[in-house]
Amino acid sequence: MAPAGPGGEGAGRARGGGRVLVPERAPGARAVGGLRGSSRLRGHDGGESQLHNFILVLPQGSPPPPPPPPPSVIGSKRALSSPPPTPTPSNRIPASPWEWQFPASLSPSLRAVYRDCVLRCEERNCSGGALKHFRSRQPIYMSLAGWTCRDDCKYECMWVTVGLYLQEGQKVPQFHGKWPFSRFLCFQEPASAVASFLNGLASLVMLCRYRTSVPASSPMYPTCVAFAWVSLNAWFWSTVFHTRDTDLTEKMDYFCASTVILHSIYLCCVRTVGLQHPAMASAFRALLLLLLTAHVSYLSLIHFDYGYNMAANVAIGLLNAAWWLAWCLWNQRLPHVHKCVAVVLLLQGLSLLELLDFPPLFWVLDAHAIWHISTIPVHVLFFSFLEDDSLYLLKESEAKVKLD
């Protein structure tokens with residue numbers, strides 16, 4: 001959920017989102033691809049793309065793009081195939097707000113490819129009749145997911161740039177702080193989106209099982225059920241974020257991940273001291289809510305600081321792990337405590353995957369996706385521990401009632 005990962009795909013070809021279409025050559029530039037006039041290309045997903053006067057413009061002295069990596073499949077229609085509008089002089093094109101990270105060793109001509117490609121693609125496809133043509137050919141699931149003409153231009157030009165990097169023997173660059181991912185249908189990061197959905201599904205299944213096997217009279221029942229719903233909400237937003245990365249979905253993913261960690265701390269507080277001292281647990285809950293409100297307010301209203309957010313989550317995560325391990329050591333006589341120890345150690349070990357930073361395997365599977373996949377059985381194990389512990393507490397409380 002919280003930390004993000006990489007991905008990538010081919011360069012300069014007919015794929016689901018359409019071919020990058022740019023205006024006629026500028027002085028000093030050269031055409032690549034050998035396509036002029038109206039050319040029909042067979043798409044990788046079986047569809048056809050009608051390309052009009054396609055000329056891919058590269059700065060003078062730049063190498064041609066290499067053969068593309070595996071394609072994305074986003075539908076049989078290619079939206080970026082509208083007739084070219086009147087070219088706009090380059091000195092009248094505004095600077096692109098899209099952020100990307102380039103190695104300093106890269107030649108200036110190659111570093112400008114992505115920016116110029118996006119600007120020319122937008123100029124060619126994203127206004128007037130060309131925009132209407134784009135919208136008429138865009139698959140419904142793409143429009144429902146919020147993919148715009150500008151987004152498709154960024155996606156297509158990203159792969160043109162990746163291809164040129166690979167051609168020059170450079171490392172794969174990151175775009176907007178993220179690796180390039182191969183899009184599938186409307187899913188921007190398919191592996192992470194599917195893994196997040198499966199985590200949420202596992203949480204839902206275990207919640208249903210918990211509510212079936214644990215009576216509502218168990219002392220930990222309300223807190224455990226609330227934790228399950230908080231986890232489900234977090235995995236929902238993680239799935240949405242990895243499906244479509246926007247400012248809103250990114251913030252919701254990060255904030256909900258923080259909420260899960262804080263609620264896990266509250267769960268531990270209730271289990272360790274709250275059952276004997278409810279007032280103390282209530283005061284601690286109020287403190288955690290205040291901290292969450294301050295955290296979200298700062299990141300939303302003042303400055304979204306990725307470094308601060310990561311440091312804050314690591315700090316509360318370590319506190320959470322230390323508290324649970326201390327409780328496990330104190331209660332190691334319990335027959336189910338080994339499940340909690342395994343969950344804590346597994347989560348701490350698997351979190352090291354987030355320290356790995358490499359371009360996605362097959363342009364789909366990165367360290368973050370592997371982290372999400374690996375946490376699925378951990379959720380099952382943790383809810384199994386909560387179920388056993390709740391039944392133990394219920395049995396213990398019933399025994400005390402009988403003695404009284």
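Placement of Cβ uses the backbone N, Cα and C atoms for every residue, glycine included.
The following features are taken from TrEMBL:
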type     : residues : note
REGION   : 1-95     : region 'Disordered'
COMPBIAS : 1-19     : compositional bias 'Gly residues'
COMPBIAS : 28-40    : compositional bias 'Low complexity'
COMPBIAS : 61-72    : compositional bias 'Pro residues'
TRANSMEM : 190-208  : transmembrane segment
TRANSMEM : 220-240  : transmembrane segment
TRANSMEM : 252-274  : transmembrane segment
TRANSMEM : 286-304  : transmembrane segment
TRANSMEM : 310-330  : transmembrane segment
TRANSMEM : 342-363  : transmembrane segment
TRANSMEM : 369-386  : transmembrane segment
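Beyond the transmembrane segment (252-274), the same-chain residues lying 6 or more positions past its ends with a Cβ under 8 Å from any Cβ of the stretch are 1-2, 220, 223-224, 226-227, 230-231, 233-234, 237-238, 240-241, 280-281, 284-285, 288, 291-292, 295-296, 299, 309, 312-313, 316-317, 319-320, 323-324, 327, 389.
The stretches the transmembrane segment (190-208) and the transmembrane segment (310-330) do not meet in space: the count of Cβ pairs below 8 angstroms, excluding pairs fewer than 6 apart in sequence, stays at fewer than three. Remote same-chain residues near the transmembrane segment (369-386) are listed as 1, 3, 5, 189, 191-192, 195-196, 198-199, 202-203, 206-207, 209-210, 220, 224, 227-228, 231, 238, 336, 339-340, 342-343, 346-347, 350-351, 353-354, 360 (criterion: CB distance under 8 Å, separation of at least six residues from the stretch ends).
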